[in-house]
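This report refers to the structure that appears directly beneath it.
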Amino acid sequence: GALLWGMETAESHSTFTCEPVGLRMCQDLPYNATFMPNLLNHYDQQTAALSMEPFHPMVNLQCSEDLRMFLCALYAPVCMEYGRVSMPCRALCHRAKRDCHKLMEMFGVAWPDETECSRFPDCDESYPRAVDLQTSANPTDISPMSVQRDFGFWCPRKLKMEPDLGYSFLGVRECSPPCPNMYFQRPELTFARYFIGVVSIVCLSATLFSFLTFLIDVTRFRYPERPIIFYAACYMMVSLVFFLGFLLEDRVACNAASPTQYRAATITQGSHNKACTLLFMVLYFFTMAGSVWWVILTITWFLAAVPKWGSEAIEKKALLFHTCAWGLPGCLTVALLALNKIEGDGVSGVCFVGLYDVTALRWFLLAPLCLNVAVGVALLLTGIVALNRVRMEIPLEKENQDKLVKFMIRIGVFSVLYLVPLLTVISCYLYEHSYRSVWETTWVQERCRDYHIPCPFQVKQTSRPDLALFLIKYLMMLVVGIPSVFWVGSKKTCFEWGTSTHASSTHLAILDEPDDPRHAGSVHSKTSYHGSLHRSRDGRYTPCSYRGGEERTLPRHDHLLSTHSSLHGLDAQSQHSSQCDLSVATPTLITHGTSFGRVTNNGDNGASA
């Protein structure tokens, strides 16, 4: 009776507890309860029975009186206290091998490597020994002939999944993490869920505002600053997915519990759940695309600052920018789908990558983000140094100096507002990457007895993750999209949102503006700041490039003097007809005292005032 310590019936088999011996060869032994996994790491008795089949002829022919007992000691060891396994003596092994090896050769059965006699304790007693049959009330009372060993992680029955789904947990296949989260309690998760929900709404509002501002006047944001708009659109989609995760709670990120199959709620993995796959694709794709668009933004600023490319020259590369920004994240997303690396997030309710798989975290999140930061920061610093040199060397008018300084400050502030959250996210991922194995071992140690799985053998370090770390990570993943508001936010934006007739009124204002030769002169410089400034009613200057036959050699740099080509947000027609090409609309002589100043009605149809 004592041997049936913790015994469960065969129908409700749970590993790592005592259970009745079911192997046909091992009936009618001095013991009738065994412990799985056995000494050969067979998960259950069915697996052990299949492995024992080749030995049946030798046992039936009774080549050795010790063979049957030796095999049962390996395949169905006597059940002892939790975590203790009794091994057969080396002498028993030697006798069985000596008596039966010739017969085994006749049947073509090899002596298994894992049953080499040198692996067993040096003693000569029958199995099971008397001490093995005495269960101890104190698990620490370990006899010299029994050993404690590290089984590694075995999947609890509650977390077992169907083989064809391709699940994996802690390196064990057909296993899934528990839902909603293995580290945090329900109250903590509820707080985290609402926290993420509120932040996602704030970020969604900010990025939506930025994107709609662009749609109201598409011509206002030209290269090199247009990537900010696509960057805002990417993080708008990211915040939308997190908001959906907040609404869906555990319905997508988790598989529901199945009490009839003794199965607990588990984390969704792979692409069999269509809703989870869709959330993952949108979230990962736009997270990566947003990061790439920031790099492209630094590239366009670099091109404007160092080789002095104009807005039109940069815009000619727009197709290449779009190919990189959408193509690279697309390839990574497809690769993750092919590798089946999708994982549900029990904290935020979305599906992402690298939440349980450290390898995927390393190569599909940390590597791309770190590469983007390195490239972006290098280009940004080079561009800022070049702009500063331009400011110091070129004798610009004071107002244009102020505009250049203001533009540089905006670049710097925007970059800091983007980099601080992104670097925080990368730091969180690095910390998580470093401590994940310790957290997992701690979790197994805390839950092993509840799940009836072997506890870790020797735990050197225990640690649990702090919820604040996860909250900071989600906060920074979302906040990274908000800086776009600071770029589009201005008096002009308020004016655009306030009225829909700005284009026509500004058009009339510029047509009625009298010539002012004092402020209409070109800004001449040796480093390609070509173009002239036209003063509008509010006293600001709108640069206008020379659009004559020299356009190919004199690229535009008005974007460096003014953050957008028209401070009144004209559409394309009003920009060219009212500012630059008045000669086309009105065949009159306009004199501004510039080197390009004479325009006649039969002129070159491109000279600019």
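Note: Cβ is positioned from N, Cα and C throughout, glycine not excepted.
Look at TrEMBL and you will find Cys18-Cys79 (among others) tagged as disulfide bond. Packing around Cys18 (disulfide bond) is summarised by its Cβ count: 20 other Cβ atoms lie within 10 angstroms of its Cβ, all protein chains included.
Per TrEMBL, the feature disulfide bond maps to Cys26-Cys72 (among others). Around the Cβ of Cys72 (disulfide bond), the number of neighbouring Cβ atoms within 10 Å comes to 26.
Taken from TrEMBL, the feature disulfide bond applies to Cys93-Cys117 (among others). For Cys117 (disulfide bond), the number of other Cβ atoms no farther than 10 Å from its own Cβ, over all displayed protein chains, is 19.
Look at TrEMBL and you will find 13-126 tagged as domain 'FZ'.
Look at TrEMBL and you will find 189-496 tagged as domain 'G-protein coupled receptors family 2 profile 2'.
Summarising the annotation, TrEMBL assigns region 'Disordered' to 515-552.
Long-range contacts of the transmembrane segment (194-216) within the same chain, counting only residues at least 6 positions beyond its ends with a Cβ under 8 Å from a Cβ of the stretch, are 228-229, 232-233, 235-236, 238-240, 242-243, 245-247, 347-348, 471, 474-475, 478-479, 481-482, 484-485, 487-488, 493, 496-497. Residues or ranges marked as transmembrane segment by TrEMBL: 194-216 (among others).
The transmembrane segment annotation in TrEMBL covers 228-248 (among others).
Annotated transmembrane segment per TrEMBL: 278-306 (among others), in sequence order.
With a cut-off of 8 Å between Cβ atoms, the residues of this chain six or more beyond the transmembrane segment (318-339) that come close are 223, 227, 230, 271, 277, 280-281, 284-289, 292-293, 296, 299-300, 353, 360, 364, 368. If you look up TrEMBL, you'll see 318-339 (among others) marked as transmembrane segment.
What TrEMBL records for 363-387 (among others) is transmembrane segment.
Marked as transmembrane segment by TrEMBL: 407-432 (among others).
Feature annotation from TrEMBL assigns transmembrane segment to 467-488 (among others).
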What stretch, picked from 228-248, 278-306, 407-432, 467-488, has the most CB pairs under 8 A with the transmembrane segment (363-387)?
-> 278-306
Whole-number Å only: compute the distance from the Cα of Cys93 (disulfide bond) to the Cα of Cys26 (disulfide bond).
-> 17
C-alpha spacing of Cys117 (disulfide bond) relative to Cys26 (disulfide bond), in angstrom = 21
Same-chain residues at least 6 beyond the ends of the transmembrane segment (278-306) whose Cβ lies under 8 Å from its Cβ atoms | 223-228, 230-231, 234-235, 237-238, 240-242, 244-245, 252, 313-314, 321, 324-326, 328-330, 332-333, 336-337, 342, 350-353, 364, 368-369, 372, 375-377, 379-380, 382-384, 386-387, 390, 411, 415, 418, 422, 477, 480-481, 557, 559-560
So for Cys93 (disulfide bond), how many other CB atoms are inside 10 Å of its CB?
-> 22
Just name the most isolated of the disulfide-bonded residues Cys26, Cys79, going by other Cβ atoms within 10 Å of its Cβ.
-> Cys26
